[in-house]
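The feature transmembrane segment is assigned by TrEMBL to B:37-58, B:78-100, B:121-145, B:157-178, B:206-224. The annotation domain 'Oxidoreductase molybdopterin-binding' is assigned in TrEMBL to B:266-396.
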Amino acid sequence: MTAPSTPPPRVLRTVRLLLVAAGAVGLGVGAVKLTALHPSQLRSLAVWLVAGVVLHDGVLVPLVTVALAGGGLVLRRLAGPGIRGHRWRAPRGTGPLVTSCLVVGGVLTLVVLPELHARSLGAANPTVVPGDYGRRLVLTWAVLAGVAVAGTVALSLRDRVRRRREPPAAREAP
Amino acid sequence: MRLDRLRDTVDARGRAASDRAAAPLQHPARSPRTAVVVGRLLGTAFVVCFVTGLYSHFLQDPLPWMRFPTWPSNLYQLTQGIHVTTGIASVPLLLAKLWTVYPRLLQWPPVRGLVHAVERGLVGVLVAAALVEVATGLLNTYQWYPWHFPFRGTHYALAWVVVGALAIHVAAQLPTIVRHRRRERAVSGGQVSAGSTTAETTTRRGLLVAVGAGVAAVVLLTAGQSFRVLRRTNLFAPRVQGLGPQGLPVNKTAAAARVHDAATDPAWTLTVVHGARSVALTRAELAALPQTEVELPIACVEGWTTFARWRGVRVADLLALVDAPSGTGARVTSLEPSGPYRTSDLEPAFAHHPRTLVALELGGEPLDLDHGYPARLIAPARPGVLQTKWLTRVETT
């Protein structure tokens, strides 16, 4: 199969030049607007910009990487040597299911933790951040865990039904 | 000679270190195709935020030649609701995009030449600015400001920086984007195309499903602050529709605005001025004029909206009292002693609009003090900050 056809090089070059020009204008406008800030304000912004990248690249992604690797290790252990001889192989589809639950929980936690902190600082009036977000977040994690477990069980059953229907020769697959 | 050897050693060591560091970061879902797919979604979200953000900015700081639509009355609810909801949806999209391209942080050599250095520098700017823009936008909705820069001005400036750096980034990556813009299928006859292996495709789909679930969850559980249809699933937004005195949330209280004494003064009057002509009306006199009832939303710049029923005197009628012609605009002034929103301007289309009122009542009762008693401005298609509370003066411009 051929790769999807690419536009002619001249079109590509024109588009790239236009984008660079537009980008330069955007950056210029942004820089000009930033000059309206006082030096102390710019310093505070610089701290935030650097801290954002450091916290994300240096803390968040490594944490996620370790979690992913850890999860993989646990699954391989369960499928291989097992725990006290009990082996269990995760059914197909477990990966996306559990990843989805973790991503949903993780994103909601990231979004709600600052809200919890803002609430603890005391809101300007009772109509700002009025809810019991901490309890709701815990409940959400519980629901996600339930969905992950129930979903895995359902996928497991579906796998078992499928395997029973297959002719014996096909069941030999690892 | 020695310098050449030194350079080769550094190069080899650097390459080895980079490969070692990158090994645990290898993941079948990390591929150029994933970066393009997630990048497209994130880029779209940022463009939507930028356009809706510009509209909000210019509504508050119009250039002299700008004119804005007065219809639909909930136009600002739509644009700002979309702005904040899309910004919240950007959180999982931005994190997914950054996760996908993370190994490129450790590429060797770090700088291949001047153009490459500039490109990498701008990517750094894009990442930093995007993270801060989304974070400050989110914290603003919680009214938490743990920084020393002015939110509005900085959020606006960074928006331009993000969009500019994004355009240049797309330009730099355009060949890759074009190459991976469509899913490639395996060849018939057993050859798998050079694009994606089956393992890559399966886990890419897994990643996209997970990111989609994250976006759906965060939107469903917060967009109810802006859009009535989702109000029942609003678990995590900082505002709740209809929660507040007279069924309407409050942003600035009378205490915070320091207007308590002036607003509760029984001798309060509303002064209407056109050139040399001026009229001062007490609240009773305002209530005696022909009243109009409208249903209009308070749509806040922070993204939340609630509809309410207002009753009061048309601004057009007040301007007619001082013989102001129909083509004039108006400026309203608040009792607030200071602050950027103590006055707001109405262009002629808004000033003479039949649904623009000096409101005296909310939901059938006199205005609550926190909602602008004795009188506030209410007009269609305007942000909440421009619906000035605790009015004292209306003059033509």
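Using the three backbone atoms N, Cα and C, a Cβ is placed for every residue, glycine included.
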Counting a contact as 3 or more Cβ pairs under 8 Å, with residues at least 6 apart in sequence, do the transmembrane segment (B:157-178) and the transmembrane segment (B:78-100) touch?
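The answer is no, given that the two segments have fewer than 3 Cβ pairs within the 8 Å cut-off.
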Taking all residues of the domain 'Oxidoreductase molybdopterin-binding' (B:266-396) together, what is their mean pLDDT?
95
Give the nonlocal contacts of the transmembrane segment (B:121-145) in its own chain as ranges (CB under 8 Å, at least six residues past its ends).
46, 84, 87-88, 90-91, 94, 98, 151, 154-155, 158-159, 161-162, 165-166, 168-169, 172, 237-239, 302-304
With DSSP, how much of the domain 'Oxidoreductase molybdopterin-binding' (B:266-396) is helix, how much strand and how much coil, in residues?
23 helix, 57 strand, 51 coil
